[in-house]
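Have a look at the structure below, then the notes.
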């Protein structure tokens, strides 16, 4: 069975729009871009459309490699800007850690600055990474996480690692296993899990025989195969488990949360 993520995203957007109206001013998101990646540019276009729908001001700043860090620091002191997003992927020569560390902490609506990531160790979710939070929101709608055996396949800084911390948080209380490319007997681990989250960047990686019947599967994958968007989960898994679709799944909720974070940042800055 496919999980209806669009309804979750719409609910988040409706609440965000209500909060925008109560602010008394128009919050603003600035997306900084130094990439020619087609999928990144497409996402920026979708951000513009979503911002207009929600009543949020939006601007794209196209900068050179030499300007990106200084631009991010300037945005930190610009009182007209409430949220800052950095388009990725970066060119191979870029120092990703330096760039992400330059995103203003109080405007880091995507949750990429190491300072915001570090707060997750203390169960503080001010601006958690949007994709990881999207997975959590979907799971909380589908089930009670307490005591559930969750396997996260993938250990990236933006999804796997922060998601594991968020699932362990007191009040959620999941039992979490993190797997990766060196994990032995992966199928045995996933097959004994109530929930499997896959974020490995390999189309149709998780097969039907790797999942137990009735499990919940969160597909975070974004892969283009013959020009078509495919997830990390094989479509056959849907026959025995509840699965988030690709497209129209986690990505929908991720974008909705990005703009929820913009409003949260605006509310915090107003105080």
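Backbone N, Cα and C atoms are what each Cβ position is placed from, and that goes for glycine too.
Not measured: the values here are computed from a predicted model.
Residue 156 (NADP(+) binding site): 18 other CB atoms within 10 A of its CB, across all protein chains. Feature annotation from Swiss-Prot assigns NADP(+) binding site to 154, 155, 156, 181, 222.
When the binding-site residues 154, 181, 222 are scored by other C-beta atoms within 10 Å, 154 scores highest.
Spanning the residues 154, 155, 156, 181, 222 that the record associates with binding NADP(+), the maximal Cα-Cα distance equals 18 Å. Around residue 155 (NADP(+) binding site), a 10 Å sphere centred on its CB holds 18 further CB atoms from the protein chains shown.
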